[in-house]
């Protein structure tokens, strides 16, 4: 098949080019140079521009903006609980860090636009690429689409934006990783691994010796033993479990003669000859085996159902407590598999403080899980069903809200449809974390909406920009790329440098909170992953979530702001 024939097929079926851009973009994004890759988003943008140049498919704007709205709503829904939690007094330093980093980045971008006379399209790509926030590219393009210019100018500006984004994105990610993981620790004169160890030790510090009822974090093991140790005769289950507190052992069932006791309470008494079902990590089981008695194969007891559940923390009185405080006296028979806040996995340390909206992945007996749900919030029972009415209604309200405008000195000001959908998504996610009656969107569905919504939008943008990219490159030449790269370096580093100075000298944030806070304020998950890898700990995730949620909103809103600034500076 010739190129001309293939082009005819693509014009008849433009969806071929759309999905081909995603496929090729994946492989382009996987190409590594010194362990640094572009990532799927930028790879798809580049692939889309190439395919758009070759075949010039026509992708309906309806498809592009519909997927982008789904992406924005999913981002807002996920970040909502953390965003509103950042408004609390104890989170104000982290929120201040995010505001300063993102605002400094915007100020640097405006300065670069004024210096190099970038048009609105190049300005939009400069912000989205340098600050690695693809949502800002979409919100800026939405503003460009609303500009009062002819179609040829609008098409050229729309092509300039992804070109600038792809040019500045590489240093936007790599430069921030180097700054946060190498430069900043040297300036602060700290060792990332030592900082992590000290933070973990502080989180694990226990203030109460009665730790028999602390969350177990190890793989679960079930064993049955015949009680043969006379010292344990007539002891309560609570006393028995305290004896093996270091091993975190829980009695979940007893066979006494022909009688089978399930959901055993802590005040139940043991007797010689009982067959005891214990659940524990391996160390606890081994310790019990040495003292309790002979291990037996009681299949009926071993079939005791242990269930897994995701419990969302919604109770106000539990928010702000540490895992140790929650567990003490309330976690018997529960095993904490993981703890999540938004997209971040938190360390399962006794000093980790929880917030409303956090998700506990627990394993335990049905009774223990039910008790935990009453104490913490609610169980996500139907995790496979999405409330489509809530989702679609949220997008509708967001678009209408974004259309509202006020006039300031004759200039119309508003969030725009993109900003409106994002803000409504934030409120929707926050409301669900407080009142989980309607509006459930499971985490896998949110991830799918976010990933597919963004990647389809980026592919469509690339395909539309491809035919005009050659004109932009021809007109600007090497000088344009040099200006973009230089401006991108300034915008990428301006915010983190300001954040480092503010966080260290004014806010007095410890490095374990400051460094991931800078990564979150620049909305770069790759930097957090690099920080956790170099530091050898998940403890850095704690300082990431609040700045990430705040800056996700702010930098997305910077899209139309930078477009407006570029228009004003061009006059």
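Any Cβ shown, glycine's included, is placed from N, Cα and C.
Between the listed ranges 120-142, 143-165, 166-188, Swiss-Prot ties the annotation transmembrane segment to 166-188. Two recorded stretches are said to be in contact when at least 3 C-beta pairs lie under 8 angstroms, sequence spacing 6 or more; the transmembrane segment (509-531) and the transmembrane segment (388-406) fall short of this definition. The largest share of C-beta pairs under 8 angstroms with the transmembrane segment (546-568) comes from 65-87, of the ranges 65-87, 166-188, 388-406. Shown for the domain 'RCK C-terminal' (294-378): DSSP residue counts in helix, strand and coil, namely 23 helix, 32 strand, 30 coil. If one looks beyond the transmembrane segment (388-406) by at least 6 residues along the same chain, the residues whose Cβ comes under 8 Å of a Cβ in the stretch are 69-70, 72-73, 77, 412-425, 428, 432, 438-441, 449. Within the model, the domain 'RCK C-terminal' (294-378) carries an average pLDDT of 82. Ranked by the number of CB pairs under 8 Å to the transmembrane segment (36-55), the listed stretches 65-87, 166-188, 446-465, 480-502 are led by 446-465. Between the transmembrane segment (446-465) and the transmembrane segment (65-87) there are 3 or more Cβ pairs closer than 8 Å, counting only residues 6 or more apart in sequence, so the two stretches are in contact.
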